[in-house]
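S.K.: Quick paste from TrEMBL:
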DNA_BIND  A:20-39  DNA-binding region
BINDING   A:Gln116, A:Arg120, A:Gly121, A:Arg122, A:Lys188  biotin binding site
DOMAIN    A:68-261  domain 'BPL/LPL catalytic'
There are 2 protein chains.
Amino acid sequence: MEANRLIEMLLEHPGQYISGEEISRRLSISRTAVWKQIAKLREEGYEFESAPRRGYRLIRQPDKLSQAGLLHALQGNRIFGRRLKLLESTPSTQEEVRKLAEEGAPHGTLVLAEEQTAGRGRQGRRWYSPPGKGIWMSLLLRPERQPLSIAPQLTLLAAVAVCRAVRKVGGVDAGIKWPNDILVGGRKLCGIIVESVAEDELIRFAVAGIGIDVNLEANDIPQELSPIATSLSLESGRRIDRITLIGAVLTEMEQLYELYTQEGFAPVSHLWEALSVTLGREIAVHTPNGVLKGTATGLDPSGALLLLDQDGKHFTIFSGEVQLGG
Amino acid sequence: MEANRLIEMLLEHPGQYISGEEISRRLSISRTAVWKQIAKLREEGYEFESAPRRGYRLIRQPDKLSQAGLLHALQGNRIFGRRLKLLESTPSTQEEVRKLAEEGAPHGTLVLAEEQTAGRGRQGRRWYSPPGKGIWMSLLLRPERQPLSIAPQLTLLAAVAVCRAVRKVGGVDAGIKWPNDILVGGRKLCGIIVESVAEDELIRFAVAGIGIDVNLEANDIPQELSPIATSLSLESGRRIDRITLIGAVLTEMEQLYELYTQEGFAPVSHLWEALSVTLGREIAVHTPNGVLKGTATGLDPSGALLLLDQDGKHFTIFSGEVQLGG
């Protein structure tokens, strides 16, 4: 608790020294207790510079998610991530959020885990989520009295938010493959899954699951996935601070969700199209009813993908796996 | 166990005597054991006629759901209800099925309870589910690779199946109020709720919750509900055998679901329209965006309600509470 408040205090003054005396005063603990807290934080991987009379300065945060660091990164948000649960290991953050949702957790509740032991990707596939190197998180959305039909729009909204955050923090040229894969150089960096629970025609809640391969190194990626998967550090050539990226994703999500509730899907659709690597390209889509080939031309107002085939026939695709390059 | 097999044997020969000797032989138990089983079943509320040399004849089953009685009633079904879980009391059969679904339970799994302590109706309202007098059950549906947009069709399908079963077994003139209330003489007899869980644009599974007020007497119905609620026994003037009705509902559901997977929504929509008490009438619909008044004219291909207002304007209603008589 005191360690959290100490970290927050140091994060509020990045790069600056704070004297032991001031820490002692502001936390109402003895100088010896301050020293003990600093020692404890060093054990957790925090690095400090200390200088006589000047006090302590935070140099580096550990490569570990901390409640304090997360709350600091999310303090600009009004709702998303303000309630958060950080887990060392969990079968799946999606399941965690679903349970919390059934117990009445509010809109914007976030669950993060250092590791998922049974992370799920789209269509029941496993999502490889090794400890400490990625962002594995799920966000609870409670749209107010919205019909079920908007669920695909939430999927696209999440893709836009994550793609924008990854581009900003990682400085990479990430794009979206319909509906919600984030790619860099044709390889997948991030998977998104939105699960919705509806009652008759109304959404009760939705859970946006976001998995980002942040600091995975080449040998962290299972061999069979290496032609199609990458990580943000591999693409940007540097370690990425996960907490900064989490903060950026949640900020983008909150802003975009607010825009969406106020203005509807059109502006989200516009942003999605601008980031898309699917549109204007020859693609093959594996749908439940077979494979369709043609050029992706845009999104329809519901979020479905529009396709124009060689014979000039138009198709509206609600569900399927897109393969780029036909 | 032996009691179950004995009941099954007697149910296979309705109205007929089976001799103690034959029972003893077929169950491989002593005559004394047969007598003990009969005594035990009498305690549970079964009534037998016994005659020297002729044996036992089942006269009446207790007003209690039994695994054996249910399996017998559902033996004509291939899938729906073939896996069933019967509970004495549960907070909600919907929650039970949802849990089983997440654990991988198959399409058609059924959970019944004599009593629900926290039964839920539409839009988070409580559903009054007293012990022994109604049918409170939930059925797991796993549509294969279907988009989320079909969920409202499952709601309408369930309404048609339940309405047909209630009419057949109870001999009452039941009709459907959009989307899924079953009414007799303007009062509600049965509530249906379909919860769907989707992943991105595909339904993972849906749970159809069905609550039927079967043998509630006038004083079983909470006073504030009496102008709007009724029971099948009140409407038909006789006790209704719940197991027979459960069998009829599940048979209708299975047949209709098969028709739906083969032929699509059109035939279901047609049956729904024929049973509707909403169409052709002046109604008021309380939607998330306000109240709309007009004449209900039909269903659109997705299952939404079509409304024509006084000014000749057409509306498509995806969600709302219908009030008959405008």
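Numbering starts at 1 and runs along the chain as displayed.
Note: Cβ is positioned from N, Cα and C throughout, glycine not excepted.
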S.K.: What is the one among the binding-site residues A:Arg120, A:Lys188 whose Cβ has the most other Cβ atoms less than or equal to 10 Å away?
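M.R.: The residue with the densest Cβ neighbourhood is A:Arg120.
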S.K.: Going along the chain, which residues at least six beyond the ends of the DNA-binding region (A:20-39) come within the CB cut-off of under 8 Å?
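M.R.: For the DNA-binding region (A:20-39), the nonlocal Cβ contacts are 2-3, 5-6, 9, 48, 50, 55-56.
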S.K.: DSSP secondary structure for A:Arg120 (biotin binding site), reduced to helix/strand/coil, please.
M.R.: strand
S.K.: Test of understanding: give the count of other CB atoms lying within 10 angstroms of the CB of A:Gln116 (biotin binding site).
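M.R.: The answer is 28.
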S.K.: Take the DNA-binding region (A:20-39) and count its residues per DSSP category (helix H/G/I, strand E/B, coil), listing them in that order.
M.R.: 17 helix, 0 strand, 3 coil
S.K.: Which state, by DSSP, holds A:Lys188 (biotin binding site): helix, strand or coil?
M.R.: strand
